[in-house]
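Worksheet: the structure to be examined is printed underneath.
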Amino acid sequence: MAPSQTLVCAAVLALAVLQALASDTFIAVVYEHTVILPRTIHKVSPDDALALMNRNMDVLEGAIKEAAQQGARIIVTPEDGIYGWVFTRETIYPYLEDIPDPEVNWIPCTDPTRFGRAPVQERLSCMARNNSIYVVANIGDKKPCNSSDPKCPSDGRYQYNTDVVFDTEGKLVARYHKYNLFRQETQFNYPKEPEFITFETPFGKFGIFTCFDILFREPAVVLATELQVDTVLFPTAWMNVLPFLTAVEFHSAWAMGMGVNLLSANTHNTIMSMTGSGLFTPHGPAMYYYNSKTKEGRLLVAELSARPRLSPNYPAAVNWSSYATSVKNYSGENKTFPGAVRRDIFTFSELKHKAGNHTVCQKDLCCHLTYQMSNKSKDEVYVLGAFDGLHGSVIKYHWQICTLLKCKSTDLSTCGQPSETAQTKFAMFSLSGTFGTNYVFPEVLYSGVQLAPGEFEVLSDGRLQSKNGTSKPLLTVTLFGRCYEKDLPHPLRSFLWTTVYFRKQGKAEPFQILEL
């Protein structure tokens, strides 16, 4: 047989093996971890830093073993889950390791000193290898630099908030440097360019990013829409912000809006309002957890579609403005008033009756609502609200929001303030808006900050509507739109990048994107 024929036969055989091993579904786990935090804000020795990280990894190892026993193929653990978050640039340094590019083909469990001291990577690798499970964790990376690099920090190193993924053999298969740092993450550097990290498994194509990244185009939208990942791995340390940005609320909505699975593992810290993890799908939550009362974490397990886009019941494409632009604005008692949701000034209209039609507009956005309450509480006020503008005090990004919202009290000045409980149920609602974006995320939140799986639907013309009323009292119904092209340039990055690189199967390849 000719060598070329041999290669062809080998390729065909390899493809056949992969297809045979491919799974239609897989069991996934996320772990909401109560992080053991440092006892001091001062710099500690490397040994003391490792001792703290080992205490957290002891807990994570128990979760990983339990996940493997339940047949899980992959587990996601939280951002900051190994050392916490109360650091300066200097005090976090003893916790950092040099994390190599995955193309080096490295199994830290069997070759721990190949790239210097790396006890955290060694232990994570061994957890994955010993339990035959993919392990996703968040740690810190350090990279030396010198004066030849004009961007090199004065202390001679870059420090990155970093996600790592180890496969069932313990091999490092993915490394991601968080691109959109939250404003308090001054201990870390911004990467010079966004990374779009993907890797293939027998149970689908995966991408990964971290926490604040989910609110921006790079890398989140690129992974979901252009690189077509099936599942996003999402370590986060998310501080819940009502009414629109609680973890389970927005992360579930993002998965539905993007049409992908999202494995969201949050840190658990009630003092910092951190809770809310889940396994979210294009159809809604497969499993989720939100509890601001207990100090305990939670292991969440669910079986997911490995390739949701190939499913016969994959959600149809939505034209988010189709219905709203085809109808006239509803007339009637639609007096409006301004109200603040944090710093954002909404235009609100009170729902004074148990049923009706309302329209509220702000700038280019008009929001239409048809509703009927089933048991209106006299002690509660609901409004229809619209917001079309920039959000954020330092990093400014553009939102378009239509919302049916419960006010904190009957005083209209409280509309937009956080409210966790309600008494009023709705027999029906239908919400739509004249959105100027294709990126809209549908949210329905019940009393007690609980989701409403299976109780609402998004029609192809952009209407978010109830199926059979609400089974629980309603906090919010929201269409959360993002106009990425209207975001202002990032004030903490000194230049823009138009050519970036994504990593696929160990190779770095150029990828052209729009400027921020």
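Placed from the backbone N, Cα and C atoms, the Cβ positions cover glycine too.
For reference, TrEMBL has these:
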- Glu79: active site, proton acceptor (ACT_SITE)
- Lys178: active site, proton donor (ACT_SITE)
- Cys211: active site, nucleophile (ACT_SITE)
- 31-306: domain 'CN hydrolase' (DOMAIN)
- 1-22: signal peptide (SIGNAL)
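There are 25 other CB atoms within 10 A of the CB of Lys178 (active site, proton donor), with all protein chains counted. When pLDDT is averaged over the domain 'CN hydrolase' (31-306), the result is 97. Every protein chain considered, the tally of other Cβ atoms within 10 Å of the Cβ of Cys211 (active site, nucleophile) stands at 27. Counted within 10 Å of its Cβ, the other Cβ atoms near the residue listed as 'active site, proton acceptor' come to 26, all protein chains included.
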